[in-house]
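For reference, Swiss-Prot has these:
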- 91-149: coiled coil (COILED)
- 97-131: compositional bias 'Basic and acidic residues' (COMPBIAS)
- 212-223: compositional bias 'Polar residues' (COMPBIAS)
- 239-255: compositional bias 'Polar residues' (COMPBIAS)
- 315-333: compositional bias 'Polar residues' (COMPBIAS)
- 92-167: region 'Disordered' (REGION)
- 212-255: region 'Disordered' (REGION)
- 280-333: region 'Disordered' (REGION)
- 375-405: repeat 'ANK 1' (REPEAT)
- 417-446: repeat 'ANK 2' (REPEAT)
- 452-482: repeat 'ANK 3' (REPEAT)
- 532-561: repeat 'ANK 5' (REPEAT)
Amino acid sequence: MATVAPKGNCLVARAIPSDSHADQLTDLLCKLSVNGDANQKSVNKFESQHGVTPSDFRDIQNIRSSALAKKTKTSKFQLDGVTLFADLTPNSKSKKKTENQETKEKDEEAEEKKDGPPKDDKELKMKKEKEQEDENAELDEQKKDGDLLGRGPVHNVRVATGGSHPYHRAQIPYGCAAQTPITDISAYTGYGSGYECGSTWSLSPDTTIGSISASTTPDTVLSSDGYGSASPPQHSPKESLQSPFSDISSADTSRVLTPENNELPESLQDFILQYSNQYTKEESIRGRPPSADSGVSSPMSARSAPYASPHVPQGTCSGPTTPSFNQTRLSPRTSENGITAKQRLNAIIPESDLATGFHWACTTWKNVLTNRDADGDTPLHIVAAHNDLGKIYALCETLRKTMNENDDNVFNVSNNFGETPLYVAVLQRSIEVVEYLLELGASPNSRSSRAVGDSPLHFATARGMNNMVEALLSKREIRVNETNDDGQTSLLCAVKMHGMMDEQTQHKIDNKSIIEMLIKAGADPTIAETSTGKTIVHHAVDKMDVELLDFLKTVVNEDTFTELANLSDFHGDTAVDLLCSSTQNEDTNNVRENLYIRLLTSGAVPNKSRA
């Protein structure tokens with residue numbers, strides 16, 4: 001069969017030339033590249049997000065907790081952890097209510113579509129008002145639920161709790177001894193919640209002790225780790241005790257975790273895990289180790305709030321420490337108006353004398369113990385002898401501030417005659433300096449080796465220096481019954497020198513008040529002179545002083561005075577014997593009779609030594 005050629009032009013299909021598949025893949029691979037800068041930025045961004053400071057982390061926690069509170073509608077019904085914990089759990093009824101509300105809204109929208117648009121503006125206005133009323137009602141319901149409570153980190157104010165005390169109003173006083181527990185409480189139950197003394201017995205079974213804590217767990221009413229809550233203890237009568245779930249509605253109670261339903265919602269679990277593991281030692285080099293003093297592993301506890309939590313556990317009660325054997329407790333010697341001896345001395349010194357004194361003290365205090373004169377007097381002895389108040393005050397203050405506690409008291413340094421600066425101040429009759437030195441811890445028992453070996457108390461009592469004797473007797477370590485070289489106590493010196501003339505003031509000495517002060521301070525009236533054996537009654541009879549004898553009868557015990565009236569001296573004479581053996585004259589006969597009668601009425605036996 002012959003082939004017929006087609007009429008007209010003939011189109012022939014040809015394939016378009018293209019690159020090979022291998023070349024295409026190569027081009028695509030060349031376009032791929034690793035962006036190192038972007039990866040480094042993302043890494044830095046991740047580190048900056050996770051390497052936060054403690055303060056930033058706490059802010060993040062507060063923001064998250066506030067968001068959680070708004071989301072879960074955490075309400076503060078009361079300071080009870082059960083209700084607060086119940087608010088964090090899901091409410092099945094609220095879910096059903098939300099679903100029903102959504103279904104109702106869908107139905108209303110469908111009806112509106114069927115009915116078409118509103119006919120006039122009045123219907124639109126009524127519809128808007130109805131929606132506004134519904135929104136207001138929802139807001140009112142939310143307000144009734146209570147204030148939103150942020151669940152951020154809480155720093156409790158921890159205070160040391162006192163020990164068990166039957167009448168516990170406040171902390172046990174410092175140094176108070178432990179109290180014996182009371183087993184029989186029947187005698188204390190008749191006054192309800194209080195007693196006559198105005199305090200409440202915290203161990204009474206009629207009261208339940210609770211403490212409103214910042215913690216929201218129900219089992220943290222009282223802390224047993226040595227700390228108490230910052231809130232005061234709550235006392236409620238036994239009859240009014242209620243279950244911890246009594247104030248919670250049935251709907252709230254159903255949301256409390258039970259043994260059957262003991263799992264938290266997943267969202268809450270994720271939040272808690274993220275909340276607690278966000279900032280740990282492994283994730284950041286700035287992480288802190290757990291607190292060493294609170295017993296918990298949270299990094300935001302105890303020492304993270306230095307102004308609210310203690311650094312170390314505090315004890316509840318402690319007794320006073322025992323001082324070292326060579327230390328003297330320096331207590332200010334205050335007067336009736338509360339002014340110390342230092343203040344009184346400083347008040348009478350002119351400012352110019354103080355300035356001069358401190359300038360001199362700065363150049364003298366280092367060699368105050370070694371720089372002595374021929375009599376062994378130190379610079380303090382010399383200024384005390386001259387009664388230079390400015391230099392005395394300045395040198396004593398400088399020595400007090402530079403004195404080492406373990407060293408001997410520099411104010412008790414004596415010269416070659418055993419005289420201390422205090423003894424020199426007594427000789428100068430400077431009561432302000434004496435009180436000031438006693439306040440600094442100077443000893444009042446030093447004795448001079450001159451004359452008869454008087455102590456400061458002997459010298460003051462023998463010369464009727466009432467204020468000086470009162471200041472010396474106020475010192476605890478004063479030895480009232482110490483004798484001088486003549487064997488006389490301070491009381492014997494006071495009786496012997498009564499009515500005599502003072503060599504410096506040329507005034508008659510009246511020692512009645514000093515005798516009374518000495519006896520009240522513990523002076524023994526039965527001590528006789530070691531050289532003559534005479535007692536205070538012997539000296540009163542020798543002086544022919546009826547008034548003094550009557551005064552001794554009033555300040556001395558009656559039995560003691562009878563004993564003194566019958567005591568004999570080293571010559572074997574009693575007080576009555578002295579009246580009979582002494583030279584008689586008309587001027588003294590009347591006085592002798594009065595003394596004799598008073599001794600007989602006091603129990604004295606006549607002629608006892610010659611019987």
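Using N, Cα and C of the backbone, Cβ positions are placed for all residues, glycine too.
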Could you give me three numbers for the repeat 'ANK 5' (532-561), the DSSP helix, strand and coil residue counts? 21 helix, 0 strand, 9 coil
Within the repeat 'ANK 3' (452-482), how many residues are helix, strand or coil going by DSSP? 15 helix, 0 strand, 16 coil
DSSP assigns the residues of the repeat 'ANK 1' (375-405) as 21 helix, 0 strand, 10 coil
What DSSP reports for the repeat 'ANK 2' (417-446) is 16 helix, 0 strand, 14 coil
Report, as numbers and ranges, which residues of the same chain sit near the repeat 'ANK 1' (375-405): CB under 8 Å and 6 or more residues beyond its ends. 324, 327, 345-346, 348-350, 353-354, 356-358, 360-362, 364-365, 368-369, 411, 413-417, 419, 421, 424-425, 427-428, 430, 432-433, 436-437, 440
Mean pLDDT, the repeat 'ANK 2' (417-446)? 95
